[in-house]
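A.B. asks: Pasting a structure here, questions to come.
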Amino acid sequence: MELFWIFLFSSVYPLAWGQGVYAPANAQIVHSGAACNVKDDNISERIYTIKEGDTLVLQCIVKGHPRPQVRWTKTAGSASDKFQETSIYNETLRIEGIQRVQGGRYYCKADNGVGVAAIKSIRVDVQYLDTPVLTVHQTISDVRGSYYQEKTVFLRCTVNSNPPARFIWKRGSMLIEQSKDNGVDIYEPLYTQGETKVLKLKNLRPKDFADYTCQVSVRNVCNIEDKSVTFRLTNATTPPMIRLSVNDTVVVDPGQDVLLTCEVTAGFPLPTVTWSRYPGPLPLSAQVRGPTLILRAVTPADAGFYNCSAVNNVGNPARKNVNLVVRTMGNLTFQITPDSNKDSETIQMGRDLKLSCHVDATPQDKVNYTWYKNGAPVFNSDSLILLRSDPDMAPGTSSLEIVDMKFRDLATYSCVANFPGSRVPELRVDVNISQNSVSPPVLSVPSGGQMVIVRERGNAELVCLVVDGKPRPPILWSRTEKDLLMPSGQTVVETPDGRLRLRNVSRDMMGTYRCQTAPYNGLNIKRREAQVQLNVQYPPILDPVFQDMRSRNYQMVTLRCTVLRSNPARLTDIRWFRNGDFIRMPMPDLKETPELKFKLEPTNNGSYECRVSNTAGTSTCTFNVSAQPYNAEFYFDTPNPVRILKGNNYSYNLQWTQRDPEATDRIIGYWINIRKNKQNLLSKLINLKGKEPEKGVLISHTISDLRIPLSYEVQLAPITTYSTGEYVTRIIQYSEPYTYPRPSDHVCGFEDERICGFSQDRSDIFDWTRQNHLTQNPKRSPNTGPETDRSGTREGYYMYIEASRPRVQGDKARLLSPLFNGTSVRGPKGSGRVPYCVSFYYHMKGKHIGTLNVLLRVRSIASVDSVIWTKSGHQGPDWKKAFFDISPSGPFQIVFEGVRGSGFEGDIAIDDVSITLGKCKQENTVASAVLIGGSHSLPLASWLTFGLSCFLSLLYR
């Protein structure tokens, strides 16, 4: 059972009863679930307190027509220092297992496009108490003039909680009080905001070696139990120390297994070793076995800093870090750089030449480069200079400089990259340096290739070729427009052959593309550059894509189809169609906005299409043109739409407004269909009798002979002289006529989830359960409990106690009525007490039936319960009625107490409860949905006083 608390706020806008269209107003926030407390603070702010891990349910109920759209947002709470926002478009916000960071102020905003949106808020305070952490810190200092050292121990207890926790220190089982022991000092460190308490043991004594317990409490707020932590202090207590089995940096090949061991060398109590990783969590394949971390078949994604921590809550944790580097390597590239001092782009004798070699690898500093000339190793000399790391190139680049080139330097040079200690094979690139093998590149776009035209969703190829030059470098493609990426999402794309292939081209790919020679795998000189224009053709973009047009019959209608954009811009054809058939008409001007004018008649209603074409394709504007009336719009804010009838029936006051009634022909009535389980129960014509609907004005119709507690599907469609509109559908539901706790004029049949304001007693053993025949457990105990509710309806609900396991004999479940303020109404003349009639039906079938007690709980300085009705044992298979009078001395509640019998065949049920003003009429046998008991004719002032007092008693109880 979920208990709903209802907050009533003052209206933002008054309710417009004479007119159906109005802005959102009368906002309420209804919330259910495990609320610990609901209160106002000193600035009249609503605060909803809930325990961490419970379920939060907030429902925003806002009046307004048309039905408002509700949006939930949230700002940061006390447990979070960041602004958070969640946009949830629903009347109900449900958070399973709420966490502390989800506390804060929740806003519901309702908007229906009329006037100003209605906004209400509530603050959610999440209560929690973590297990405390106890750490020990020791200090040793010399005492001057003595032969001993003073040893001081600090026991630091820290906890996260809301509200702030209370701390209790114990030595063994004895409470430690600072005023009774000069050897201890208890204090709160600065800047801890009540989260920490320190127990200082001064000049440690033998009796101080003991078990210490830090107990924290939030004083049972939200039923949160106390928590504690214990530490044993001995003369061997020492902080942890560790050492690692590997160096600070470990370099491994992909696919290799890695073992990292964190050995504990000191610490008492024995430290606990944990492994973590930065950035991110440990890999999924990681295995932790005691102090050892095992990584199987590592990949580059497993690289990072691995942290070993040893903790025994003494002193500071011991920590060590290992940097795990997983080798990666890319392609080996080369560069040929002519004498840059001479601004040369060719190889010339007597000038310098530099050959460079680079491989993208991790780690870069673990790559070794070796140079060969015609197969022989190259060593430093006056004419050949080796650079292990060329400062003019990218990091990790090795260069070979040829000084004052001679004919003897024309040769084949080889660069070999290897990775010491790795199983990765070496990489090699050969560069032939001769007068015929090296020449600058010439970049060319083929004739006609400067502009590439392609239709949207087609494929395109952009070509930029190196027609001359040795060696031929790859071509790099990029966009000329600033900040635009390539279709692949990269800034630069390399193509070895200079052909950029694009698939499924879209209009956002249109633009200018730049092609450049790469500075590697060729001459490292000024880049050669060219451009290619990509032109993407697409069909016309039209407005509107779809439009629903309504008009009166025999009125002129104009349809316009506007061309927003088109590539190519020149249109080739414009055609109009009605219901798929071509409309013959003079060829329209292709330079003007396509337009169709005609007189609407009952014979030419339908779907009209304007098809506009260019060489890239055809697009369509679609118009649904008719004299069919717009839909009706249901009004959901009808006050008390349900009326109870005889025979367990009810009626429903259905209300709606007509959207734009003047847009089409005069509406003369409505078709209404009543359905249940997709079967039509009633089809009826509602005749307006010559009165036309007005915009925003409510139309009402009472639907009778509905069965309690069934819900029904209602379909409604407007009718004109020429046509019928589309049906709109809503579900109407029976709801208990309960608003606030006062002596009820009606019976509570528990049909609504709010169960008329009844609630479960938190001090009992188990709860009453709400169910009907359809929600019964098919495996429930036979020969006990009712088959239907009191009225014999399978869909009807009732409250019952389940006697099956884990229930045992004597277990009690209590169901509490709302609080009634009986002192607000004067009793009969000569009496200070007011009589009430309590009436209900009970079902007690089964050989193990226990006891059903009805108690009167009177509120005063202390609540007093007294049994006013009781029944025990098997009472037969039928529902039976009980009623009796009470005259309470003050505010009161009725308590239904079910006591479990000796076995599982002991289910007890109750239904149709009423508490009415006045004594019971003995002849009262009226059905469950009508008045039970007598009534009193009271002055209006007395009823108002009574209602206000009842309302305040609920709000501040």
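Placement of Cβ uses the backbone N, Cα and C atoms for every residue, glycine included.
Quick caveat, the model's predicted, so the values are computed rather than measured.
Grabbed the feature section from TrEMBL, which reads as follows:
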SIGNAL    1-18  signal peptide
DOMAIN    24-125  domain 'Ig-like'
DOMAIN    132-230  domain 'Ig-like'
DOMAIN    239-323  domain 'Ig-like'
DOMAIN    338-432  domain 'Ig-like'
DOMAIN    440-533  domain 'Ig-like'
DOMAIN    539-626  domain 'Ig-like'
DOMAIN    638-738  domain 'Fibronectin type-III'
DOMAIN    746-922  domain 'MAM'
REGION    771-795  region 'Disordered'
COMPBIAS  771-786  compositional bias 'Polar residues'
A.B. asks: So if I exclude everything within five residues of the ends of the region 'Disordered' (771-795), which remaining residues of that chain have a CB under 8 angstroms from its CBs? That is, six or more out.
C.D. replies: 648, 707-710, 749, 802-804, 841, 843, 845-849, 879, 904-907, 909, 911-912, 927-928
A.B. asks: May I have the DSSP-based helix, strand and coil counts for the residues of the domain 'Fibronectin type-III' (638-738)?
C.D. replies: 3 helix, 57 strand, 41 coil
A.B. asks: Within the domain 'Ig-like' (440-533), what mean pLDDT does the predicted structure show?
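C.D. replies: Result for the domain 'Ig-like' (440-533): average pLDDT 94.
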A.B. asks: Can you count helix, strand and coil residues in the domain 'Ig-like' (132-230) using DSSP?
C.D. replies: 9 helix, 51 strand, 39 coil
